[in-house]
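Step one of this worksheet: look at the structure below.
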Amino acid sequence: MNFETSRCATLQYCPDPYIQRFIETPSHFSWKESYYRSAMSQSTQTSEFLSPEVFQHIWDFLEQPICSVQPIDLNFVDEPSENGATNKIEISMDCIRMQDSDLSDPMWPQYTNLGLLNGMDQQIQNGSSSTSPYNTDHAQNSVTAPSPYAQPSSTFDALSPSPAIPSNTDYPGPHSFDVSFQQSSTAKSATWTYSTELKKLYCQIAKTCPIQIKVMTPPPQGAVIRAMPVYKKAEHVTEVVKRCPNHELSREFNEGQIAPPSHLIRVEGNSHAQYVEDPITGRQSVLVPYEPPQVGTEFTTVLYNFMCNSSCVGGMNRRPILIIVTLETRDGQVLGRRCFEARICACPGRDRKADEDSIRKQQVSDSAKNGDGTKRPFRQNTHGIQMTSIKKRRSPDDELLYLPVRGRETYEMLLKIKESLELMQYLPQHTIETYRQQQQQQHQHLLQKQTSMQSQSSYGNSSPPLNKMNSMNKLPSVSQLINPQQRNALTPTTMPEGMGANIPMMGTHMPMAGDMNGLSPTQALPPPLSMPSTSHCTPPPPYPTDCSIVSFLARLGCSSCLDYFTTQGLTTIYQIEHYSMDDLASLKIPEQFRHAIWKGILDHRQLHDFSSPPHLLRTPSGASTVSVGSSETRGERVIDAVRFTLRQTISFPPRDEWNDFNFDMDSRRNKQQRIKEEGE
């Protein structure tokens with residue numbers, strides 16, 4: 001049996017010996033002629049089905065579609081002997097993509113395998129509506145993945161900032177995208193400097209300015225970094241930032257440059273840079289492929305040049321600009337965004353010092369106005385006595401401050417500290433002394449209990465740290481030391497202004513387990529303070545932010561087992577969250593630590609089931625992003641179709657030649673008739 005297959009695909013075929021399908025062929029044809037006639041009839045039907053007229057209606061539906069067809073043909077032929085029958089199976093599959101898109105878009109057409117062509121090489125062909133990967137050139141030459149940054153079929157040409165007004169909101173994204181600058185000099189001779197106080201870059205024209213790109217997790221393959229200038233003020237934001245006509249038309253800085261002369265931002269030292277101008281909004285930007293940091297570094301450095309002064313007439317004309325740096329996928333989805341102000345001037349150090357001095361003077365002036373007040377003194381005459389109102393001065397103790405906290409445990413701990421400090425102001429001195437005496441007694445009892453437990457504990461038991469925490473929770477809280485008379489006296493009307501503003505977090509605090517254990521059965525629970533709950537922030541979800549193996553083992557008290565994991569390349573807890581006891585034993589972890597680590601993995605699983613990972617949580621904002629890569633969001637209609645055709649042709653010799661193959665139907669009928677007569 002010989003198999004005639006295409007060069008790039010093989011499929012093992014086992015013919016079914018129990019085929020009971022007969023094709024009646026004319027008796028005056030030989031078996032070869034019958035086979036040829038049958039095959040031709042099948043191919044005729046197939047050619048009609050594969051003709052362009054069949055899909056013409058679908059193509060007309062998409063007006064001006066771009067189509068790509070990837071055919072796969074597999075032929076299996078059972079070669080006959082001299083006088084034998086044949087069996088032929090033909091399988092064809094066409095992967096068709098039809099898209100309603102602009103014909104100038106170099107991203108389409110291209111092949112799509114829809115996940116069915118494993119191991120097949122994909123090609124991107126420009127200007128062709130239907131190609132086949134099984135031509136002679138493809139078979140003879142070794143196929144290598146083309147560079148995604150090669151000209152002219154670059155994938156960056158399809159990316160463009162769709163919004164008319166790009167967003168300037170910082171968005172770290174799922175990869176914690178960040179942009180930073182090196183330590184810069186403030187001397188007048190410096191070619192560039194960055195002010196962290198003003199979040200502003202000062203640089204000279206056409207001078208190299210290194211910008212450091214950092215991500216916590218590697219972005220997808222083919223990610224790019226885009227830099228785009230926009231005007232800062234609302235009255236200018238709709239205009240496109242370009243170079244002034246003087247610098248654009250002059251030969252200086254333009255001869256021998258790949259970048260268009262109108263682009264403000266250029267990239268130095270990167271041959272893969274792509275300069276893009278949006279055909280709709282006209283905004284100009286420059287794209288470079290993301291490169292991971294080199295060994296021993298945390299940053300990826302991109303060298304930018306700014307090719308026009310901020311004071312140039314006909315260009316920026318002293319209007320402030322912002323530089324928006326985004327991390328994007330190959331199809332334009334924004335993975336992170338950072339923004340900073342830029343000023344291109346002749347003396348960056350001098351301008352930075354002047355701006356910082358000006359902002360400091362303004363802050364001092366604002367603080368002085370807020371302290372002295374701007375209203376006139378109120379005068380009131382009563383019985384001939386002139387009264388002047390006292391000016392209110394804000395006390396530093398009444399100032400409201402907000403502290404962002406990461407982690408539920410830290411938040412609850414700081415909440416208790418805040419509650420205790422505020423309640424301390426209303427406790428009498430003898431109550432405080434009684435509390436301190438009880439605290440010392442509890443501390444001595446805790447030390448004795450901990451000493452006895454350490455002498456009885458065995459290896460592998462992680463209960464001592466937990467028991468220690470439980471003992472700490474059983475300590476009496478400050479709220480229990482207040483008698484009912486003092487507690488009823490704590491009302492919003494008797495508290496100072498600063499105290500009443502900070503109390504809402506106390507009003508939402510529920511008694512802990514340790515607080516309820518300190519109460520007697522007959523003693524009622526202390527009523528909570530009736531304060532409106534107007535907390536300005538929502539606590540973060542109970543999910544561990546540090547997911548490294550080091551911190552995981554440190555929490556379990558098993559830091560000595562770190563080498564067993566790092567030698568196997570295990571660095572995060574997500575790599576071992578599905579491990580079993582057998583897997584831990586295979587890592588040769590000592591038995592005394594194995595149970596503690598297994599219990600920690602189970603706790604992590606339970607926590608993981610009821611919370612979302614931090615890299616999947618996004619803060620909603622009004623930031624607009626570019627296209628998310630879906631053709632639906634771009635207003636395009638895409639139809640992906642896969643057509644399978646299975647055709648089996650079985651040919652037998654004519655009836656006159658059946659006697660040669662012991663397949664005489666007349667003799668079989670006579671034999672069956674004789675058996676029937678003998679049975680009667």
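In case you wondered, yes, glycine gets a Cβ from its N, Cα and C as well.
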Q. Which of these ranges is annotated region 'Oligomerization' in Swiss-Prot: 244-293, 394-443?
A. 394-443
Q. The compositional bias 'Basic and acidic residues' (351-360): which same-chain residues, six or more beyond its ends, come within Cβ distance under 8 Å?
A. 186, 193, 195, 197-198, 200, 202, 343, 345
Q | Shell list (Zn(2+); ref centroid = CB of C244, H247, C308, C312; cutoff 8 A) | A | R243, P245, N246, E248, M307, N309, G314, G315, M316
Q: Just give the helix, strand and coil counts over the compositional bias 'Basic and acidic residues' (351-360), going by DSSP.
A: 10 helix, 0 strand, 0 coil
Q. Helix, strand, coil residue numbers for the domain 'SAM' (541-607) per DSSP?
A. 42 helix, 2 strand, 23 coil
**Q.** Assigned conformation of H247 (Zn(2+) binding site) - DSSP reduced to three states
**A.** helix
Q.
DSSP on the region 'Oligomerization' (394-443): how many residues come out helix, how many strand, how many coil?
A. 35 helix, 0 strand, 15 coil
Q: Could you work out which of the binding-site residues (C244, C308, C312) has its C-beta surrounded by the smallest number of other C-beta atoms within 10 A?
A: C312
